[in-house]
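Structure first, commentary second.
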Amino acid sequence: MKKVLFHSPSITTRYGIPKFCSFVTLSASTFLLCYLPTHFASSMRVHNCKYLHSFRNVENDAAVARFECMLSMRPPPSVVEFNKILGAFVKMKRYPTAISLCPRMEFKGITPCLYTLTILINCYCLVGRVAFAFSVFGKIIKWGYGLDIVALNTLIKGLCVSGKVVKALDFHDELVAKGFQFNEVTYGTLINGLCAAGQTGAAIQMLRTIEGRVVKPNVVMYSTIIDSLCKYGLVNEAHDLYSEMIAKGVSPNVLTCQSLIRGLCVVGRLKEAIQLLDETVQKGIRPNVYIFTILIDALCKKRMLKEALVMCDKMIGSGHEPNIVTYTALMGGYCLNNKVDEARKLFDIVVQRGFAPDIWTYSILINAYCKLERLDDAVNLFHEMCRKNLVPNLVTYNSLIDCFCKSGKVSYARKLIIAMHDNGLTPDVITYSILLDALCKSQNLDQAIALFNKMLERGLAPDFWSYTILINGCCKDQRMGEAMNLLKEMHLKNLVPHTVTYTSLIDGLCKSGRISYAWKILNEMHHNGPPPDEITYSVLIDALCKSQHLDQAIQLFNQMIQRGVAPDVCSYTILIDGCCKAERIDEAMNLFKDMYLKDLVPDTVTCICLVDGLSKSGRISYAQELVNVMRKNGLNSDVTTYGIFLDALCKSQHLDKECLIAAHS
């Protein structure tokens, strides 16, 4: 199916994006044809009042003092000298100061030149006052400077940065219709604005439109679109555009390759990403540290630690030193491969080399310690992080809170939440879900419900996991009415229940004796989703077996296979046990053989069930054979198994020396 890059409403521009009737405060034609000087004067007066406080705050500043000194000179210096100071303020990103100084020049009789006005336009755009920037542009036209391309590009960039890309296109179209020709900078700016607004399709359309004109698509335009396509997961389209630019003689740069390599890594196409890296080197483009780090991170996330380390060596060999992001990615790779101690060694080496670990570096290690239930190590690292004035983020806090809860230290988890608030962080849905799970598992369901309601009062929208945790808690506590109400609430909020959600409900219904209703829900899952898995079926099969409805259990087992859900060892074991208890040993043996045919290895529980069934039915030789098979396959023929077997021997009066030796051999 063809992917749609953008929508085409009934009223659109030539670039396929929504067209708005209104333009900026004054349209381009107003400035070009009938500009009113009085508007400029009144607008400037109003706006300058807003920036007057900025001038007052910096009047002791040396640069401002110099500017004021120059204004008092007679004769005053050239406007070029004033422009230098204004330009310096722009470089320092002190745009309001530059804006406040420009009217001072005019007040002292110094006429701004085109460069001065362009600086002013740029400053207004950078503070989001695009309408005032157009007012200055009107002044440029009025004073006879004409349509200056630098000023026009600055205005177009200002509109794009302000999220008004449609108005930027309207402005462009209006001037092109009057015969004005824009340059590569203009189209690069417009394409970037379109991509930033998520209108990648329109950006491609513009690229196609300018082909064959005086302005030719360049590497910046292609790279911008390739980067945008990759961000939206359209990696095939990005790769096609990459091939197209090479075919048209436009050489990619390091940023082009970086975007495409990142896009390939995100969708899991690591082999192609590494191949592209090699092609990049062959084209004479030197990969930067970011490209190598992207690949190292992707390899680590795929648990390909050895390959990631080889890539790191390759990076160092090419003359690039790993940065803290590279090292953090490698630490993550060690942790994913359950090598947290090696990750800690790397962490210590990084510190020794003078790198400052950031929040993510600490968080990765803390999370790994928590998953291994090494709470003391996690807490010590957390305290070290705080001592270095690094404020933990939600990921760090949630990892620790989860570990505290799983260790049964809910009170410590609550203290950590207070610490979160003290650091200006608000618990999110994950934080609440962790606490809900802990309260439900410790059989404090009423407290969990109270916390859930508190979560709603604070404006946090529970996700499907929050509901699933609470539904499971209600089912375990046999409060099925509340569980069903929560499910209805999920549907009303357009939250799609997970398979786990329904499995919990089916388990609760079975344990409360409502097996027929549980079966009905299972069938609804097949028709409306989410589809049941082998665990869902096993729960219902177990309930049917325990309620002595073995034929229905077998029927459901067969239905499970017909619907494409493969039974696992647990599913077979439940049914084998049910058959044995119903003294239908032949059926149990057939199921046992079927497991082997499907390459499912029976576990100790499966064998114990069958040994018990065979022994009670007097099939001692078969039971003995099964015990021997268990021993040969390395299964744990424990005291329970031998106890069952010996008990059967006693009852069947086969307690001669030979049998006892066989039982213990």
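Keep in mind that glycine also has a Cβ here, set from the backbone N, Cα and C atoms.
Marked as transmembrane segment by TrEMBL: 20-40.
Model confidence over the repeat 'PPR' (148-182) stands at 88, taken as the mean pLDDT rounded to a whole number. Positions annotated as repeat 'PPR' by TrEMBL: 148-182 (among others).
What TrEMBL lists as repeat 'PPR' is 183-217 (among others).
The feature repeat 'PPR' is assigned by TrEMBL to 218-252 (among others).
The repeat 'PPR' feature in TrEMBL is assigned to 253-287 (among others). Residues 219, 222-223, 226-227, 229-231, 233, 235, 238-239, 242, 245, 294-295, 297-299, 302, 304, 311, 318, 320 of the same chain, all 6+ positions outside the repeat 'PPR' (253-287), place their C-beta atoms under 8 angstroms from a C-beta of that stretch.
TrEMBL lists 288-322 (among others) with the feature repeat 'PPR'. Within the repeat 'PPR' (288-322), the DSSP-based counts of helix, strand and coil residues read 26 helix, 0 strand, 9 coil.
With a threshold of 8 Å between CB atoms, the same-chain residues lying at least 6 positions outside the repeat 'PPR' (323-357) that come near it are 289, 292-293, 296-297, 299-301, 303-305, 308-309, 312, 315, 364-365, 367-369, 372, 374. What TrEMBL lists as repeat 'PPR' is 323-357 (among others).
Annotated repeat 'PPR' per TrEMBL: 358-392 (among others), in sequence order.
What TrEMBL lists as repeat 'PPR' is 393-427 (among others).
Annotated repeat 'PPR' per TrEMBL: 428-462 (among others), in sequence order.
Marked as repeat 'PPR' by TrEMBL: 463-497 (among others). Non-local neighbours of the repeat 'PPR' (463-497) in the same chain are 429, 432-433, 436-437, 439-441, 443, 445, 448-449, 452, 455, 504-505, 507-509, 511-512, 514, 529-530; each lies 6+ residues outside the stretch with a CB under 8 Å from one of its CB atoms.
Residue counts for the repeat 'PPR' (498-532) under DSSP, split into helix (H, G, I), strand (E, B) and coil, are 27 helix, 0 strand, 8 coil. Residues annotated as repeat 'PPR' in TrEMBL: 498-532 (among others).
For the repeat 'PPR' (603-637), residue counts in helix, strand and coil come to 26 helix, 0 strand, 9 coil, using DSSP. Feature annotation from TrEMBL assigns repeat 'PPR' to 603-637 (among others).
Tertiary neighbourhood of the repeat 'PPR' (288-322): same-chain residues 254, 257-258, 261-262, 265-266, 268, 270, 273-274, 277, 280, 329-330, 332-334, 336-337, 339, selected by CB-CB distance under 8 Å and a gap of 6+ residues from either end. Mapped onto DSSP classes, the repeat 'PPR' (358-392) shows 26 helix, 0 strand, 9 coil.
Mapped onto DSSP helix, strand and coil, the repeat 'PPR' (428-462) counts 26 helix, 0 strand, 9 coil.
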